[in-house]
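J.: Positions annotated as Zn(2+) binding site by Swiss-Prot, on the basis of sequence analysis: His560, His564, Cys663, His667.
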Amino acid sequence: MKSSELRQSFLSYFESKQHQIVESSSLVPGNDPTLLFTNAGMVQFKDVFLGEDIRPYSRATTSQRCVRAGGKHNDLENVGYTARHHTFFEMLGNFSFGDYFKKDAIHYAWEFLTVVLKLPTEKLLVTVYADDDEAFDIWNKDIGLPVEKIIRIGDNKGGRYQSDNFWAMGDTGPCGPCTEVFYDHGEHIWGGPPGSPEEDGDRFIEIWNVVFMQFNRSADGTMASLPKPSVDTGMGLERIAAILQGVHSNYEIDLFQNLIKAAAQVVGTQDLSAQSLRVIADHIRSCSFMIVDGVIPSNEGRGYVLRRIIRRAIRHGNKLGQKGVFFHKLVEALDVEMGEAYPELTKLKERVAAILLKEEEQFAKTLDQGMKILEEAISGLGDQKVIPGETVFKLYDTYGFPADLTNDVARENGLEIDEAGFEVAMDAQRARARSASNFSMDMSGSVSVDGATEFTGYSNLNGQSAVEQIIVEGESVSSLQAGQTGLVVLAETPFYGESGGQVGDQGWLRGPAAAKVTNTTKQGKVHLHHVDVREGTLAVGDLVTTEVDRSLRNATALNHSATHLLHEALRRVLGDHVQQKGSLVNPERLRFDFSHFEGMTAAEFEQVEDMVNEQVRLNHEVVTEVMDIDSAKAKGAQALFGEKYESQVRVLTMGADYSIELCGGTHVSRTGDIGLFKIVSEGGIASGVRRIEALTGKAAIDATRHTETALGKIAGLFKASKEAALDKVVALNDQARALQKELDVLKGKMAALAGADLASQAVDINGGKLLVAQVEVEDPKALRDLLDELKSKLESAVILLAAVNDGKVSLIAGVTKELTKNVKAGDLIKMVAPYVDGKGGGRPDMAQAGGNNPEGLSAALELVPGWVAERV
């Protein structure tokens, strides 16, 4: 059975069992900012399992694209060395949200494996959690599996409920036992059954994991039964395909073999067994789908993981003799294999290839030189087996070699890298680049808000509704008195709840009491009105009049509609690769984050602004339609990055063919209502992500008027017209730069003179020189210049300089290269800085710090000679 046929067979089977087929979610989780990538099928249903979202179905099945590279779940370093590790894989899964439970879940798994796929029953065995007698009995009595084929796995991870067969979202929240199905590859493969000392061998391979979420674990470890137990299952498509196709390695299945052949062709090798071809075939899958889902190569977070994988693939191509660009050429082959199942790949394949090519070209500039540095470092190790952390860092910092790429080369040469030494220099980067999932929830102390609030605010800003619930500090109460604040749930409301980047409405609830609504948020489908009771008593059951602040709502609508016009303008001017990465829409302004590789030029800036204002002047009707998600996609509606949509969606259209987007927010009636659109700033907020801030309506007019007024004042200072003011400012700036250059020259001469004088104060210490001095300089740059001058004059020295200005202490330490083995500038600074209530750090040869306590400086300087003497 081909991989594509297996995928469809799984989905069709569970569809026949009344499961809703749900599309694979993005590799970038939209509902969990702590998770680097989607790494399991259940991720897109996390909010459902936690009771925070309600779907129109209680059974679902998916083929989920997953990535395990970076963060807690990281298979990158093993890809290419084992038969089953991948950075990208597909997880087949079926899910029950309070519907069926253990009996049906086990029956479905067994029927699909043995009846649909026709796997021989004698090849299968299962594990259950040691205490899960119910699952054991279902396997034994209902399925008929003999006792010797059912293995109980206890708490084998160091604590209660810490087991391979007990699954939890986090330290608290939903959890429960699981049962796993294993396939026996036969006695000719080394390995033992699960739970045995030889369980890590390849003979018995887990193919399906069925999790029974039946408990809620509180912070104190107490386990309580969930009112609606659920089921979460996962089966790796590649693993089961290998079994069905009669091969032992995932890389031998049809999907991978076709990619390996394509990789061999583009790198120019005929050896299809080359390990590097496996790496390249795996990496083109993860890299391509990351880019499809909006990830762009960068030096932090998800973008850095993508960059690491791309560069690892390039290095393996280089290892096979391919010195030119090649990786991007494999996108076409991948589309042939997976485009039918994932049409988003076909749609964006040209963009994917373009981004990969750009990254290849960038890395090609330093790859050969970096490899030479690494090879020299390896040859110079002698009998040592560890590449120094400083070398690993240099390769990263100067030549763009991720540490795991260097480790890959080291591993091929029977070596290791000094990870601890590298981490000292890279700690901050590693913290940004690596994140792990931490699902956590303590449901025992939370208030349940069931049902859904009927939202009437698309057509009305006033109404009447009954108070259904009042919440104060997480507890339901019967009433609120004047002066008290809380959350109010109404049966229906015109107040928009904060979502989709749009802030929540404000206004009033009036009835027996007068309550100011300061914000409106949402929990699931329930609107929570944040109220401050100004008069009377507000009680559950009261009938209240709802009044949305019309001026704030209208101002917000201007900005929200403008973001749609802006989004489309950016796509038309910059390219289809532009994707929304985030937004904030409030009454004052709009903020729009989008993917783009570089800063916008002045011409692009003007073109985007002009295009939006043209749409405003055309005064298009803003049309809203409600339709099913498939019809919306067929209409060409853009789904915004990270947003979750239900089966019925609102489609917002501006102009017959200009902007069509899915959006649940509130908007103007016609684009002309926006009046004027004015961009006030554009800049980068992360690698590959830009941010535009803009104003609309009266705020845009006021900003333009303010700029005109400021320009008039500047022109007045120069006694020039507004048109000539720019030339005057440019001339003044040129003059200032010339004077600054003269000043820098003078400061350099002064530093040289001061250095000559200070150098004579250096003392001999164990064959080197030591200079500790407080100097009179006005800025950190002058202090650095003085340090450089002294290092040049003293040749072999440890130097610590201090300066005090405006009650602030500046410290700088320098160590000449030959002494850094024993004395490191960073360590010296860390010793001295606390005495002046400061902190700092730096490299072994130069480090800096700042402090707020000049009184402690003398004592700190007195300690330096003894500290240095102990080390040189």
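Glycine too: its Cβ is placed from the backbone N, Cα and C atoms.
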J.: In the same chain, which residues outside the set His560, His564, Cys663, His667 have their CB within 8 A of the centroid of the CB atoms that define the Zn(2+) site?
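T.: For the Zn(2+) site the neighbour list reads Ala557, Ser561, Thr563, Val622, Leu652, Glu661, Gly665, Thr666.
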J.: Is it possible to get the count of other C-beta atoms within 10 angstroms of the C-beta of His667 (Zn(2+) binding site)?
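T.: Neighbour count, Cβ to Cβ under the 10 Å cut-off: 25.
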J.: Mind giving me a neighbour count for His560 (Zn(2+) binding site)? Other Cβ atoms within 10 Å of its Cβ, every protein chain shown.
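T.: That number is 24.
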J.: In sequence order, which residues at least six apart in the same chain have a CB under 8 Å from the CB of His564 (Zn(2+) binding site)?
T.: Leu652, Met654, Ser659, Glu661, Cys663, His667
